[in-house]
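Undergrad: Features from Swiss-Prot:
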SIGNAL    1-19  signal peptide
DOMAIN    28-220  domain 'GH11'
ACT_SITE  GLU113  active site, nucleophile
ACT_SITE  GLU207  active site, proton donor
Amino acid sequence: MFSFTSVIALLSAGIVASASPTAIEERSLTSSSTGYSGGYYYSFWTDGSGNVVYNNGNAGEYSVTWSGNAGNFVAGKGWNPGSERSVTYSGSFNPNGNGYLSVYGWMTNPLVEYYIVESYGTYNPGSSATHKGTVTSDGGTYDIYVDQRVNAPSIQGTATFNQYWSIRQQKRVGGTVTTANHFNAWQKAGLQLGSFSDGAYMIVATEGYQSSGSSDITVH
């Protein structure tokens, strides 16, 4: 990514998919879709300029492969609506270049986009955001950041909203993320939280931007 602002503009575009999931469970996808698979909500968005294939597996498993060093996608499984839950996941995440593995989602009233980043590729998404402290949770330390998006895509259409980030210093793929610890730490840092309503989903997301790689994640 060339800059934090341009990166987030592209990443934020990934959440424009409808908050109302389709009734049909789809397995292998190459175009944007939301729905339910194996009892979990899934969201897959791609800008169409790279080569990306998303697959819904059994229960909470999904996989995604991408190539071509072009484009942006966001994909994963989780819950709609989200909640203060302990998220346990396992699997593999192998980006060649820029990519994120995170617990990702939205809050409303106020509108907030959030990331709890477990691992990333060549670009740390907190590089150009405002650092607000740290939080220790689930055996690791996370740096807290805040940024604002102005007239950007969201689950409520074009809007101005804050982004909250927790980025793990010790990268890992697999474990439990106690989301309440992050939400509480954000509040203590002066960041106003919203509610889990009006399509405010939560997924364990794989994201890629102008890169290649593979990811196979199971949400438990």
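Cβ from N, Cα, C; glycine included.
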Undergrad: Could you check the active-site residues GLU113, GLU207 and say which one's CB has the fewest neighbouring CB atoms inside 10 Å?
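TA: Lowest Cβ count within 10 Å among the active-site residues (GLU113, GLU207) is GLU113.
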Undergrad: Using the alpha carbons only, what distance in Å do you get between the residue listed as 'active site, nucleophile' and GLU207 (active site, proton donor) once rounded?
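TA: Distance between the two Cα atoms comes out at 15 Å.
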